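Participant: Below is a structure I'd like to ask you about.
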């Protein structure tokens with residue numbers, strides 16, 4: 001997925017980046033000189049150290065999320081199980097991008113005999129990235145469905161969303177996404193595969209949007225119905241809406257961070273020879289950075305929106321070698 005490979009090197013997701021190669025001579029020359037009308041130059045270079053650093057940060061943050069959910073029994077609920085699945089997907093996307101940078105660096109510095117082996121490894125990493133992307137989308141959709149049930153089927157929720165069903169759902173998501181991700185990379189040279197991936201992305205977003213339109217339009221009506229019941233129904237419903245708002249933020253960040261990459265794919269198949277499309281595609285590495293930033297931002301959203309998760313984060317950090325930071329923060 002990372003495009004720091006030499007010109008003319010086409011492997012799996014790398015072949016989806018035509019901004020620096022595979023273009024007609026006149027367009028290539030325009031890029032080489034700098035496309036003055038659009039302010040474009042050759043493929044934007046991002047230091048490999050940036051990819052590796054972001055990968056490490058994402059790894060640490062998302063491991064913290066996974067450990068926190070596993071450690072705190074108060075977080076053993078369907079929503080947090082799906083968040084855990086999303087954290088795994090985010091971690092794999094970001095770490096795989098960082099690892100791929102190392103692989104491509106080795107590819108550029110090794111002999112021709114070793115390149116075929118390195119390309120195979122690169123294809124495996126790309127399969128992980130593609131599978132994790134699909135798992136991220138499916139996990140977000142699962143959280144949306146879970147929030148929908150908590151609001152519209154509050155009284156039957158615990159009978160509908162059992163731990164067993166959640167486990168089966170998560171397992172099915174990862175099995176299907178793994179198979180799909182591998183197939184996408186195997187047939188990545190086909191435009192039909194790219195169209196299919198784009199279609200999956202926008203279809204999932206449309207499904208989530210439709211759930212949210214219905215959810216927020218009807219939320220007040222259901223809050224009024226729950227309010228007449230004995231107990232703390234209103235409080236419970238308010239917590240459910242808070243979870244829905246959290247997911248709205250997650251989806252918004254996901255769209256902002258992933259949309260440029262999918263727009264790149266749309267340009268790749270629709271106008272690969274247009275100078276303006278080439279201009280947009282010349283920033284491919286920047287779009288990869290945005291994708292990795294999504295994996296870093298998500299854990300921060302969890303922490304800001306969940307007091308229980310924030311509390312567990314602090315407990316874990318205080319028990320780690322960084323525990324001295326807790327003493328320092330308590331003094332101020």
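Every residue number used here counts from 1 along the chain in the order it is shown.
For all residues, glycine too, the Cβ spot is worked out from N, Cα and C.
Quick paste from Swiss-Prot:
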TOPO_DOM  1-43  topological domain 'Extracellular'
DISULFID  40-279  disulfide bond
TRANSMEM  44-69  transmembrane segment
TRANSMEM  82-106  transmembrane segment
TOPO_DOM  107-123  topological domain 'Extracellular'
TRANSMEM  124-145  transmembrane segment
TRANSMEM  166-186  transmembrane segment
TOPO_DOM  187-191  topological domain 'Extracellular'
TRANSMEM  192-215  transmembrane segment
TRANSMEM  249-271  transmembrane segment
DISULFID  271-277  disulfide bond
TOPO_DOM  272-280  topological domain 'Extracellular'
TRANSMEM  281-304  transmembrane segment
LIPID     318  S-palmitoyl cysteine
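Where in this structure would I find these features, and how exposed are they?
Facilitator: Note on the topological domain 'Extracellular' (1-43): its mean pLDDT in the predicted model is 45.
For the transmembrane segment (82-106), same-chain residues at least 6 beyond its ends with a Cβ under 8 Å from one of its own Cβ atoms are 1-2, 4-5, 48, 51-56, 58-59, 62-63, 65-66, 69-70, 118, 121-122, 125-126, 128-129, 131-133, 135-136, 139-140, 142-143, 146, 166, 170, 173-174, 250, 288, 291-292, 294-296, 298-299, 302.
Cβ atoms under 8 Å from those of the transmembrane segment (192-215) belong to residues 16, 130, 134, 137-138, 140-141, 144-145, 147-148, 151-152, 183-184, 244, 248, 251, 255, 258, 262, 265-266, 268-269 of the same chain, restricted to positions at least 6 beyond its ends.
Listed in sequence order, 267, 270, 271 are the same-chain residues six or more apart from residue 277 (disulfide bond) with CB atoms under 8 A from its CB.
Secondary structure from DSSP puts residue 318 (S-palmitoyl cysteine) in a helix.
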Participant: With a cut-off of 8 Å between Cβ atoms, can you find at least three pairs linking the transmembrane segment (166-186) to the transmembrane segment (124-145)? Only pairs 6 or more residues apart in sequence count.
Facilitator: yes
Participant: Under a Cβ pair cut-off of under 8 Å, which of the recorded stretches 124-145, 249-271, 281-304 contacts the transmembrane segment (44-69) most often?
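Facilitator: When the Cβ pairs under 8 Å are tallied, 281-304 comes out ahead.
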Participant: How big is the gap, in Å, between the Cα of residue 279 (disulfide bond) and that of residue 318 (S-palmitoyl cysteine), rounded to a whole number?
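Facilitator: Each residue's Cα considered, residue 279 (disulfide bond) and residue 318 (S-palmitoyl cysteine) end up 48 Å apart.
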Participant: Taking a Cβ cut-off under 8 Å, which residues six or more beyond the ends of the transmembrane segment (249-271) line up next to it in the same chain?
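Facilitator: Contacts of the transmembrane segment (249-271) (Cβ under 8 Å, skipping residues fewer than 6 from its ends): 16-18, 86, 133, 136, 140, 143-144, 191, 194-195, 197-198, 201-202, 205, 208, 277, 280-281, 283-284, 286-288, 290-291, 293-294, 297-298, 301, 305.
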Participant: With a Cβ cut-off under 8 Å, give me the same-chain residues at least six positions beyond the ends of the transmembrane segment (124-145) that come close to it.
Facilitator: 1, 11-14, 79, 82-83, 85-86, 88-90, 92-93, 96-97, 99-100, 103, 169-170, 173-174, 176-178, 180-182, 184-185, 188, 197, 200-201, 204, 207-208, 211-212, 247, 250-251, 254, 258
Participant: Within the topological domain 'Extracellular' (187-191), count helix residues (DSSP H, G, I), strand residues (E, B) and coil residues, in that order.
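Facilitator: DSSP classes over the topological domain 'Extracellular' (187-191) add up to 1 helix, 0 strand, 4 coil.
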